[in-house]
Structure formats: structure tokens, C-alpha cells
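Record features (Swiss-Prot):
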REGION    1-95  region 'Disordered'
COMPBIAS  1-13  compositional bias 'Low complexity'
CARBOHYD  Asn72  N-linked glycosylation site
REGION    108-127  region 'Disordered'
CARBOHYD  Asn604  N-linked glycosylation site
TRANSMEM  641-661  transmembrane segment
TRANSMEM  686-706  transmembrane segment
TRANSMEM  719-739  transmembrane segment
TRANSMEM  775-795  transmembrane segment
TRANSMEM  803-823  transmembrane segment
TRANSMEM  908-928  transmembrane segment
TRANSMEM  946-966  transmembrane segment
Amino acid sequence: MGFNPQGQGNGPNYDAPREMQDLPAGQAYHFRESDETAAARVSPVSNPYEPDYDQLSPPPPLGAQRPVPEQNESSRDLLHSSYQGSVGHNSFDGHSFGHNSYGPGAFGHYPADQHGRMPGSPGYEYPEPEYDVEASRLAESRLSVMHRAPTMQDWGQNGEALSVPDFAHGRPDSTYQEFDVDESWMMRQQQNQLAGGLGRSKTRKVKLVQGSVLSIDYPVPSAIKNAVEPRYRSGPGSMEEEFTKMRYTAATCDPNDFTLRNGFNLRPKMYNRHTELLIAITYYNEDKVLLARTLHGTMQNIRDIVNLKRSKFWNKGGPAWQKIVVCLVFDGIDKVDKNVFDVLATVGIYQDGVLKKDVNGKETVAHIFEYTSQVSVTPDQQLVRPDPDKPHRNLPPVQFIFCLKQKNSKKINSHRWLFNAFGRILNPEVAILIDAGTKPGPRALLSLWEGFYNDRDLGGACGEIHVMLGKGGKMLLNPLVAVQNFEYKISNVLDKPLESAFGYVSVLPGAFSAYRFRAIMGRPLEQYFHGDHTLSKSLGKKGIDGMNIFKKNMFLAEDRILCFELVAKASQKWHLSYIKASKGETDVPEGAAEFIGQRRRWLNGSFAMSLYSLMHFGRMYGSGHNLIRLFFLHIQFVYNLVNVLFSWFSLAAFYLTTTIIMKLVGTPQVLSEYHGWPFGDTATPIVNVLIKYIYIAFLVLQFVLALGNRPKGAQYTYVLSFMVFGLIQLYLLVLTGYLVYRAFTGTPIEEQISFESGKAFFDSFFGGDTGVAGLIIIALFTIYGLNYIASFLYLDPWHMFHSFPQYLVLMSTYINILMVYAFNNWHDVSWGTKGSDTAEALPSAMIVKDEKGKEAVVEEIEQEQEDIDSKFEKVVWRALAPMSEMAEEKPEKKDVEDSYKSFRTGLVILWLLCNIVLIVVVTTDDFITLGVSKAADVRTPTYFRVLLYSTAVLSIVRFFGFLWFIGRTGIMCCIARR
């Protein structure tokens, strides 16, 4: 690849090329004229890995080919450019590019200079452009799958659509065909060590900080640093090195020891910047599309903040972008989808070949990269770079910290790196937590921050998470997605507003939440980090190894622990809130096996944490909350207690509801002249008995499956179970509708509801002797009516039409399948870490003495800028390539202790025993011999009255909490500071 001939190398006087290459191809990249020509250009220095990249063609991705997106005046395919005249050190012949194919004149048309020399000729003097990236658009370009070298007719001019159907033959190739993604990535980590780049690299000696901390600055590719707009590069508070050099630090310590005293530091602190907002993106094994969705959405949100015009805060004390830091924390090298590294390298916050597995024999715990970038990649594998013609639409510079943990040590450990390591150095006011795959909506992060800015007692907050439904809502055709969509929506409409009104939101989803940093410091984080297995030895009995199975299940819902500890913090009055204006989008499980596996963790963790918060409610008295807040917290305590009891007996409740309604509708009643419905007096009872036994058989099957099978190993059986329980529930809904119709038509309505007096009217609904119409009206209004009313008041009612019906059909599966599986796998808590086989392939950093024999230094290969740019070319091709299908992840073998299984067995027995006792008490007459005077036909209606009245009360409480939240939100919008 070409570079500025006036400033070769990467020294302090390096003069980078003024024009950014049109990524990912075009003049910016070289294409071999033929195999013979390409072979002639191979470096004489032997490299066992490099030839593979130059000789093999990448395989076409699995699945359908992605089309090249349509272009308009604001979106230009980066594969296109104006190709007039020579385009680099080697001229373009209409069919191929030379090895060095871009220079200052490669990305736009330059006229002849004053001496008559043409662009690309020796001695040509390039004019100084107005912007470093000439004529660049806010380009969101996607690399399509191509299989031949382009001709001049293929390329077109600026902004034209590319007509080449195939394009890979003739471009620099990779090892993808011979090696899988992981092997290719491991090879790239050794290239610098084995071959010294392209054979022209030198070595440099890097001094260690305090003799032990390895921190090195690496030049970034020319394309990335030239993408930065001049107004930012030379703006107030900007530092040249943050745009031209990527900083790498090999942290060989525990997060608690990552301190200034021990020689560790971060660029925002080094530049003496105040960090107002620390945005953390936690990653496990998501693909590059999911990561790009989160990363690009975050950068768009930062643009929303930077572009604020009337803000009293962000426009003072320096540029807004310098007050924001984005931190990516990856949980272990082994689990990472290696394609993700190419996306990060394209942005500029990662480079191959710089990772060090140890420093002088001391194992690296985390690899930390720092860079400030103005480049982004969209989920559609399109590249976004600045457009000088539309600066308000450009993404601002973003300060990135990329923490790649060497071993997989779970999410809590990732948060320990975030809060204890980076947080203590940066000392942010607000920390926002986002899971990879969650896309923050427009101004979502700004809305979260404004909640803290306008409420000094707000300790934590969350926004609305909604389900990704696909184009035109096509994913709603999957009933599991529709059910989860309704669940998310109704939680945002009723549950979160109610808890926000009380001041204690039981769970701020880790996928999209925010905390005031000084609020969670101290005991909240201390208790939270007890779940970090890397601290198990130092914590002893307080650590994860010393916990019983109940507490270990609590840490399956680790975000709930942080919420409770924050509200109950001694002598403090922090409260939690839900912020309606902040919205995030996430994907949900689409298959039965994935859905069951996810809910096992959620149900067990939330149930254990609910019991913990109820048992430790007394800690609220030691907090600094006033009497009014404590009063409402007591109401919430009762509300949560009732919900826990309902959950515990829900297995029996669904069975009783199913069997009793079938009995009421299907059994002929001669005195009342009611016939069996819907199949007649003879067939209906038989059908109902068959359905009853099918219900019991499939319920027993769930226990068998849960005790002996993984969901993925029995996914077809689980799909059948969902279908069976769904059909039974649908049949039950039809019978319920008929029962309601019969209640209103069998006895005149005026005889059931009296308007003679207030007492008579009250008795019509709660007296129990004047008919069931009043009770049915209460049930219909509170269970269905309030949901519709609240959704319309929330201005988001559509889920009640396209998702509510599916939820009604499948709601019994939440108990009969999900809860049964969760309780039967209560023992399934795995906390162990796996060693990193991938990390073993990384090079080491060996400490030597300097020439004077005094200071400790590390010898590091120093690559030429041309080599960096050449490798970057291949990185972008990989990053923007359509994503191939991923192989199914292999399950980990788990060693479960017998004590955990014993506890699980006891829990399941107790749960079943309680539910069986409830069923027997309600439905059998055998208790008459024990002195119980009322028969089953009397106890059954009483049970249903209590159940319906309790449900109605809970629904009314939720609705009033919703009304209070809506009113308060409307008022705050009028008086909030910006």
C-alpha cells in the first residue's frame, strides 16, 4: 500500500497521507494482475503464514449473498471512487492494481502541478486539501461477495452503483479456506514475531512503567487516523497521539490492583479529562453483527449528546466527546467470535500481533487497548466515516477502552474490571451498562443521563427494552417471539412504572441500565463482587466457593443483588427509577431450547433473590430513606410477598383452573338445564377426561425431561410440549368465553347486579350470593381491561393486538415447562473458569536491560506504516464480508456436586407437595371426615373468588402505580434541566 512519500515511517515527523482511502477496496487496495506477478512481489524473507494470505481466495459465505445497497447523495459505496490518472506508486491499467495502490491522489482527482507533473509521478506536489478526507460521504458501505477483478467500467464515478456481481478473484486473499477463523486469528498473532512484518521492520526498546507495566503505543493505519476531522484533531483539549497511536497495556494483575500507584493509567486520566459518562459494553461470544449493532448505536447516541445546542452542562468545560468514554469488556479470548476482532480493528481499537500472553513469565490477565476513533461499522457490514459537507451528521470522536480478558471468568468479573479498575481511575459520574447485541435507540443514553442529572438521589435507572421484531414485524410469526414481546412490553407498561413509583426497581436489566458511580461504591459493589469466582480464595466463606446453593442461585440474577444493596445502603437514600424515554432493542431466543435455557437462569435467580430481599427487608430501616419512602417500600414488600406466594402455588393454580372450568362447562346440569358443551352431553365429559389425562401426562413428562435431558437434546419433545399445552389453553379460553356468555344469559343481569343502594351494588360484586356476573366483570376488567387502558395511555398499544393472543395461549407453559425445568435444575450452577488454549499461542514479552544495564525494557518489533496499511487492507475485507453461519457451540461438561442435587430434590419435593395439597384441599370431599364441614363444591368457588379478587387487587395496584409514573414523567419533562 502506498504512503506519503514526503513522510515515510512512523517517527515524530511522520506526515500521514492527506486523503483517506475509500474502504474497503477501490484504489485503497492492491489487486494482483496475475498469479505470476503476485508471486514476483513476495518478500524474500520467508514467512510460513504470509503466503497463505496472498495466495488463497476466501470462501464464499454460507447463506444468501447480500446485495450491494442502493446509493444516494448521502450514502456512497466505499468500493467506488473517481479513478482518473494514476492512483499510487504503481499505475492502474484498467484491469488491476499494483501492490502499492493508494497515495495522496488515490481518493479524488488532482490536476497537474505547477511543473506539469501528473498525480502519482515522481516529484508531484499534491495541493493541500480543505479536509483530510476529501469528498468523503457519510458512507455506510457494505462489502458484497465478488469473484473477479474489477475493470474500469465496473467502478463508475463517485456515488454510482457498483455493477460488478463478483469481485474476489484478484484481491488479496486470506487463509480462510485452509484454516478456520480461530486458527487464522492465532496465526496472525505470530506474524510479527516470525517474519518481522514484510521484512523491513526494525526493533525498538520499550521502557516498562515502574519496571513491570508493559504499555506500548502502536501507529494506527493511515485510513483510520486520516478519518478524523481537522476540527477535532486540532480542537481544544485534543491530543495528537490519541488519533495517531493505539495504546496497548498488558495488565498482569487483578482488577483491584489496576491502580495509578502500581503504574497503570488510562488516556482520559493522562489527558486530565473529566469523565461524566462511562459506557460499558460487556461481551461474551456474540457475532460481529450483534457487536456492531451495539457499538454503532452507542456512537450514534454520543453524536446526539455532542450535537446538543442548548445544554447547560455538555457545552461547558471542554468538548462533550471528551467527557464520554466507551469501554468494551470481552470475557475471555477462547469464547470470542474471532470475526469480531476485524470489526474492532477496522474501527481502530485493536490490532493483530500486539497481544502478549505474559510479561517476563507473569501471565497477562487482561489486554487493554485505547484509541479515539471517528470510524464505525454498522450491523449491515457498512463502513461509516466523516462527511465534510455534513458535519452535523458525522460521528464524533469516541474515546475507546477495549479490555480483552485472557480467560473466561464470567460477567461479574468483567464488571469488576469496569468498576474497580477503570472506574476508580476515571471516576465517572454515571456508568451505563449495555450487553453486546442490545442496540440503544435514538437519544437513549442521553435520556438515561438526564435522569441522574435532574435527580441527585437517583442511584440507578433503566430504560425500556423492547424485542427486535424484524422488518415489518415478521418475527411475530414465531409465537415464542410474540410471547416474549408481550412480556417485555407489559413489564415496561405496568411492572417497571409501579416499582419506579415505590423507589425500588427489583431488577435493572444488565443489558441496558445505568448507575451513579459513587452510589454503588462501597457495600453494593462489595456484596455484588462476592459472586466473582476469581475472589473465592481470598474471600473464603464469603466467596462463591463458601456459599450454599441458594446464594449461588442468587448470583444467577446478579443485577438484582446490586439493586437491593443500592436501595438498602446504610445511611443513604438512593432510589431506583425507570426512564420511559430511553429505549433499547434486543434480540430474544427464537427456539424452544434456547428459551428454556435462558429462563432457567432468570427464574431461579429471581426467585432466590426475591426471597433474599424479603428476608432482609429490615435493612431498609438502617438506610436514610424518609418516612414516606419507607411507607411505600412496605407496600411494595407486601406486594412482592403475595407475588412470591402466587408463583409458588402457580402449578396447582393452572391445573385447578383447567380441570374445574372443563367440569363446569362440560358436565350436564339437569336442574339448570345446562348441557355439556361443546360436544354434547355424552362426548364432552369424555373429551374433557382425555384432555385432563393428557395434561397430567405432559406435566409428568416435563419433570422427566428436566431431570435427565438438556433442552437442546430434547428440543423436539419440548416443541411438542409447547404445542400441547398451547392447544389445551386455547380450548380452555374457548370454554371460558362460553362460561362468561352463560353467566350473563342464564340469569337476567338486573338480578345479578342491583342498583337499589350502594350496599346492594357492592354486594353484587363482592357479596357472593347474587350471581357471578359481578365477579366476572371484575376479573375481565382487571385482567384484560386495565392492560388495554394502560397500553393506550402509554401510547404503545400494538402489542395488545399482535402479541397478547399468543401470550394467552402459551401462558401456561411459563409454569408447566419453564418453571418445572428451572426448579428441577436448581443445582445447575457452574462458576469454574476454563484455561485459554488460544492464549497459549500468543507471543510473550521478555524483559531485558537497556544498553546501560539499568532500566527494564521490552524489545518490540516496529512496523513500517506501509506494512500496517497493507495488513489493514485485509482486516477491512474480513470485517465487511457477509457473515457466515456459525457452528453450534459445543456444550460444556459440568461436574455437579451431590449436595446441590440433594438440595434440588428437596426443593422440588416441597414445591410439588404444597401444590398437591392445594389441589386436594380444593377438589376432594375426603376432608369432611376430618371435621371440615364444607364440601368440595363449596370450597372450589371460594378458592376461585379468592384467586380472582387477589389478582384484581394486584392489577389495580399496578395500574395506580402506572398512573403515578405517567403523571410524574409528564411533569418532569416540563421542568427537567438539560
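Here the Cβ of each residue, glycine as well, is placed from N, Cα and C on the backbone.
If you look at the transmembrane segment (719-739), the same-chain residues 6 or more away from its ends with a CB under 8 A from one of its CBs are 479-480, 592, 657-658, 661-662, 664-666, 677-678, 691, 694-695, 698, 701-702, 705, 808-813, 816-817.
Within the same chain, residues 607, 610-611, 614, 692, 695, 699, 728-729, 732, 735-736, 739, 812, 815-816, 819-820, 911-912, 914-916, 918-919, 922-923, 940, 943-944, 947, 950, 954 sit at least 6 positions outside the transmembrane segment (641-661) and bring their C-beta atoms closer than 8 Å to a C-beta of that stretch.
The stretch from 686-706, 775-795, 908-928, 946-966 with the most CB pairs below 8 A to the transmembrane segment (803-823) is 686-706. Other C-beta atoms found within 10 angstroms of the C-beta of Asn604 (N-linked glycosylation site) number 27, with every protein chain shown included.
Counting Cβ pairs closer than 8 Å to the transmembrane segment (946-966), the top stretch among 686-706, 775-795, 908-928 is 775-795.
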